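What follows is a set of notes on a single structure, which appears directly below.
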Amino acid sequence: MHITDLLQQTFMQHALLAALLVSLACGIIGALVVVNRLTFMAGGIAHTAYGGVGLAVFLGAPVLPTAGLFTAGAATLLGALTQKRRERTDTLIGVIWAAGMAFGIIMINLTPGYNVGLMSYLFGSILTVPVYDLWIMFGMDAVILGLVLYYYRDILSFSFDPDFAQSRGIPVRWLYYLLLIMVAEAVVMMIQVVGLILVIALLTLPPSLAERHTRTLAGLMLAAGLWSFLFCLGGLIFAYLFDLSSGASIIAVACTTYIGYVGLQRLMRHLRPRTIPI
């Protein structure tokens, strides 16, 4: 089947729409994660999401909203624990990370029968995203976009200088919790596309590339969203041509692009003629 014929298939149209919706969240939240250096925190939240998946399967409830609520609660708990700083932050993240995964596995074990579809939440299955989940993704995007637009100036100050933001009366702690909850919702969306194991790559690689050619937070968000969609599109084509997993293919394209882009930049910098002071 030719690629143009493939694009006319309903499942591929749904996959592209899912990629677009996820890329919007990835661009906005990924930029904030990179700027605020919350990559490890986001990783802990992402793996905790498996607890929400297991709970949804056990209860027979819709996975996306159930995992979203569970992960938002876990992110809030993680934020509260790390704010107190009675324990090492990395230790707390590791504990919540492991507890969420263990809870999800236990819930799945307690569920009669074995649902093979659960593997899609570990490795992603963008080609099987149902219309119901697309609507939920759209709603999540709308909430994330609305919150970021409303609090943009405060988020900007908080992201680059939290002490200055607090001195101006900006609710820094509230914004911290809000950011973690938005990370949780974005992570749950991205699990559908690349899976829980690879979600951090899609959350961090696009903004890491984008920050090399942007100078503002808004520009970083837009560029990261564009990179994310290009990675998803390239990964889908790569997976179709070579009959590979779509989630792994998307991340392979992202990693290859990042390594190539950074390597090319360094090569050009090395080859650039240097001015000799007289």
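Including glycine, each Cβ sits where the backbone N, Cα and C put it.
Unlike curated records, TrEMBL annotations are generated automatically.
What TrEMBL records for 15-36 (among others) is transmembrane segment. Only residues 6 or more beyond the boundaries of the transmembrane segment (15-36), in the same chain, are considered here, and those with a CB under 8 A from a CB of the stretch are 7, 42, 126-127, 129, 133-134, 137-138, 140-141, 144-145, 148, 155, 159-160, 179, 182-183, 185-186, 189-190, 192-193, 202-204, 206-208, 210-211, 217, 220-229, 232-233, 236, 246.
Per TrEMBL, transmembrane segment is recorded for 48-72 (among others).
For 92-110 (among others), the entry in TrEMBL reads transmembrane segment.
Sequence-distant contacts of the transmembrane segment (131-152) (same chain, at least 6 residues past either end, Cβ-Cβ under 8 Å): 14, 17-18, 21-22, 24-25, 28-29, 62, 64-65, 68, 175, 178, 182, 185-186, 188-189, 192, 218, 221. According to TrEMBL, the feature transmembrane segment maps to 131-152 (among others).
According to TrEMBL, the feature transmembrane segment maps to 174-205 (among others).
Within the chain carrying the transmembrane segment (217-241), a Cβ under 8 angstroms from the stretch's Cβ atoms is held by residues 3, 6, 12, 15-16, 19-20, 22-24, 26-28, 30-31, 34-35, 126-127, 148, 152, 155-156, 159, 193, 202, 205-207, 209-211, 247, 249-254, 257, all 6 or more beyond its ends. Per TrEMBL, transmembrane segment is recorded for 217-241 (among others).
Under the heading transmembrane segment, TrEMBL lists 247-264 (among others).
Panel annotation: around the transmembrane segment (48-72), residues 78, 96-97, 99-108, 110-111, 115, 118, 121-122, 132-133, 136-137, 140, 181, 184-185, 187-189, 191-192, 196 of the same chain, lying at least six beyond its termini, place a Cβ under 8 Å from a Cβ of the stretch.
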